[in-house]
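Asks: Quick one: the structure is below, and I'll ask about it shortly.
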Ligand SMILES: Cc1ncc(COP(=O)(O)O)c(C=O)c1O
């Protein structure tokens, strides 16, 4: 190995640190939940994607245990060799049924779902028109595909229309518009109603990544497309957030699309089947999310988000507008975001500063996230801590 290799890596790490961009990993010694144990202390947790509060729910844990008891730790195989158990077929049917699609295919993660979606379905004759704020996994999935790439500024419908026109004029065979259903760093919800109109006008397909919407946006929590009441062609999602919080991804689509993905999607063909415990946990989460308990959790989540937004705005913080339980507190400077997050932890609230490359340079923030498991008391305590730390650091 060249002798200067480790010196170069160390210099790169030092540079990241000097810019205030190091992302430390704090160790949690409890289940995921509104209150967690960090560094031997109980602290309030406002940065998990635990939207419905199911990640630590005993029923989900019991369902995971029961599935592991029945079907073991895992298949020691990819799906098409000897890795398809009844529980995988049941989960595919459950998620497709819940979200209203013909069929679904499971992946080890939504990252893999997005990585495997485009390449089998689109070739160099086709065009992918992608929102500029799309998740890294969509960007990587699009890169793996030979289709011509077009990009439009976040939710800018005029730019989207211009790109669709360009793609049509360039003679694209199929065009697919790819977007997050809810943008994970900002909490903005994609304008799928307007996207639907443009897709119809330019004969385009629509792909939505609903990782930050499935389970809690729209009727029955079916996601951003249901929130807007529109149909889409491909939906990618995760079991790692609202739907139990374990892990695992999926794509919902028409039956032929799912069949083709099962033949060709590389992260599906060349990676182990989802662990039975994850299937069991996810199935129980779907059962809860789609029923009346899910409605109550969604009502609670929305009330929490509203209360927090109001109180933080009254306190003078700069929040990105919206109605999503992702509520970013904008700070601009990366070091300030880190310092404020560290002070919040001292005050008993676990939040995280986000900076480049996760968000654009100069747009550092603390992304707070509400859960249905938070009480109003948790929210009020957090706002008070933000007020104290914000005053100390000159933010408000
Ligand atoms: C919008 C979006 N898509 C995909 C993913 C990846 O999800 P998973 O953790 O299931 O790979 C995430 C997770 O951060 C996400 O926020």
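Cβ coordinates are placed from backbone N, Cα and C, and glycine is handled just like the others.
Caution: TrEMBL annotation is automatic and unverified by curators.
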Asks: Suppose a student reads TrEMBL and sees 238, 239, 240, 241, 271, 272 listed for pyridoxal 5'-phosphate. Which of 184, 224, 292, 302 should they find annotated at that same site?
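Replies: Record source TrEMBL; matching candidate: 184.
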Asks: Which binding-site residues from the set 135, 184, 238, 240, 241, 367 have a C-beta atom lying less than 6 Å away from ligand 1?
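Replies: With ligand 1 as the reference and 6 Å as the Cβ limit, the list reads 135, 184, 238, 240.
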Asks: If you count other Cβ atoms within 10 Å of each one's Cβ, which of the binding-site residues 184, 238, 271 has the most?
Replies: 238
Asks: Hey, what's the Cβ neighbour count for residue 239 (pyridoxal 5'-phosphate binding site) at 10 Å?
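Replies: A 10 Å sphere around the Cβ of residue 239 (pyridoxal 5'-phosphate binding site) contains 29 other Cβ atoms.
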Asks: Going by DSSP, give the three-state secondary structure for residue 238 (pyridoxal 5'-phosphate binding site).
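Replies: Note: residue 238 (pyridoxal 5'-phosphate binding site) is in a strand by DSSP.
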